[in-house]
Amino acid sequence: MASEKVETVVAGNYLEMEREDEDSKSARSKLSKFFWHGGSVYDAWFSCASNQVAQVLLTLPYSFSQLGMLSGILFQLFYGLMGSWTAYLISILYVEYRTRKEREKVDFRNHVIQWFEVLDGLLGKHWRNIGLFFNCTFLLFGSVIQLIACASNIYLINDNLDKRTWTYIFGACCATTVFIPSFHNYRIWSFLGLIMTTYTAWYLTIASLLHGQVEGVKHSGPTKLVLYFTGATNILYTFGGHAVTVEIMHAMWKPQKFKLIYLLATLYVLTLTLPSAAAVYWAFGDMLLTHSNALSLLPRTRFRDTAVILMLIHQFITFGFACTPLYFVWEKFLGVHETKSLFKRALARLPVVIPIWFLAIIFPFFGPINSTVGSLLVSFTVYIIPAMAHMVTFASAPARENAVERPPSIVGGWVGTYSMNVFVVVWVLVVGFGLGGWASMLNFIQQINTFGLFAKCYQCPPHKA
């Protein structure tokens, strides 16, 4: 009986919102709803799948050169499943938090729930502060990585300007994301973004196979532990894109339907990442160790230029995905989050872009920075904290008895869930954060020593006069 009541409470506001949307019959509002207002299961799937790969698609062959073919494939499958599991845990905790609050008659109509608020409501302020620190820092550097990727890609089709100058230009372009109100408004962008990554992945695969293996190709990996664990943490980062899971769920009309969305998105993403990374590594082998952007090794054709342009647009979209939760946090800090003035919110958001811009210019290391962020930030934000939060939230018998969403029998109920959570925490703490952090930091420091901070043109070939 209690579970039926919970279901009604969770779904109630969303059903009202749907009816309100349906009341508007004008052609303009119908068009706006079609392109702009996304809250369905399909919108959530497109958002998850589109947001998951982005520029990492171009660095996975680099990871394969560090790991070797077999380890590269196995780590993708392993972290894909692990990432789907912790995204499921986050969705369970969100529904639990939202249900409890809506029983208390809290209205979230003009308020976007975020991960740190879920932790605060379920576990208290210390968990909130830890979640806020890791989530915001990860999203900050996630946005930085998109700017670095923009400069790295555009340089492949226009090297008249160095990568640092391109970073200045794209920083200004990406600042326009302050005008996108929330994840409700990414419907058309998520759809287009997935088409862009799909094209690029299959271009990499087909172009590499047609190109064939370069003369004297070598597949030495793995050769060093530092490189091995650096590559592994880049893949950890690849399937750790659900730092925005709560915001995507909140944009859904019925967030309790999110459960399997991330897994289905991951399965689709694997059809893009496995063939492309394997094909590029097969064709170029150890050359990838000094070419972290896979597109840089393929000959320039109109198909490659198309892939570069599509990835540039996609990185703009992904910048918005990573930065929007930061905008929300900043709005809440300033007290303007619930205002209906889009211009006022956009103006308040602008200062968030400045440190992102600056950091992208200081650390322009396309590829190595992914592994560093993966080991030091993604490991906690996406894997360790959700698994521990789930265990602590449902530690008591009454909490398990009154849980809104109970673990399915297919995973072994509560015992199976706790066992999987403990495994996730221990594995990621030791392999992801420990060994991965050691390896990626050594690699990152090596890049600084080789190229220097504020590098004008990272991994650029000598400019032809």
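Numbering starts at 1 and runs along the chain as displayed.
Glycine residues also receive a Cβ, built from the backbone N, Cα and C atoms like all the rest.
A quick note: this is a predicted structure, and the numbers were derived from the prediction, not measured.
The annotation domain 'Amino acid transporter transmembrane' is assigned in TrEMBL to 37-429.
TrEMBL lists 73-95 (among others) with the feature transmembrane segment.
Taken from TrEMBL, the feature transmembrane segment applies to 132-154 (among others). Counting same-chain residues at least six beyond the ends of the transmembrane segment (132-154), those with a Cβ under 8 angstroms from any Cβ of the stretch are 54-55, 58, 114-116, 163-164, 166-167, 170-171, 174, 243-244, 293, 295-296, 308, 311-312, 315-316, 318-319, 322-323, 325-326, 329, 355-357, 359-360, 363-366, 369-370, 373, 377-378, 380-382, 385, 458.
Look at TrEMBL and you will find 166-184 (among others) tagged as transmembrane segment.
The transmembrane segment annotation in TrEMBL covers 191-214 (among others). Counting same-chain residues at least six beyond the ends of the transmembrane segment (191-214), those with a Cβ under 8 angstroms from any Cβ of the stretch are 46, 49-51, 53-54, 57-58, 61, 272-273, 275-276, 279-280, 282-285, 287, 294-295, 298-299, 301, 303-304, 306-307, 310-311, 313-314, 317-318.
Per TrEMBL, the feature transmembrane segment maps to 226-248 (among others).
Residues annotated as transmembrane segment in TrEMBL: 260-284 (among others).
Per TrEMBL, the feature transmembrane segment maps to 307-330 (among others).
Residues annotated as transmembrane segment in TrEMBL: 350-369 (among others).
The transmembrane segment annotation in TrEMBL covers 375-397 (among others).
Residues or ranges marked as transmembrane segment in TrEMBL: 418-439 (among others).
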Non-local residues, at least 6 beyond the ends, that sit with Cβ under 8 Å of the transmembrane segment (375-397): 82-83, 86, 89-90, 92-93, 96, 119, 122-123, 127, 130-131, 134-135, 137-138, 141, 233, 236-237, 240, 242-243, 403, 414, 417-418, 421-422, 424-425, 428-429, 432-433, 436-437, 439-441
Please indicate, using numbers and ranges, the residues of the same chain that are 6 or more beyond the transmembrane segment (226-248) and have a C-beta under 8 Å from a C-beta there. 44, 47-48, 51-54, 56, 59-60, 62-67, 71-72, 75-76, 79-80, 82-84, 86-87, 90-91, 94, 112-115, 118, 135, 138-139, 142, 182-183, 258, 262, 266, 269, 273, 289, 321-322, 324-325, 328, 367-368, 370-375, 378-379, 381-383, 428, 431-432, 435-440, 442-443
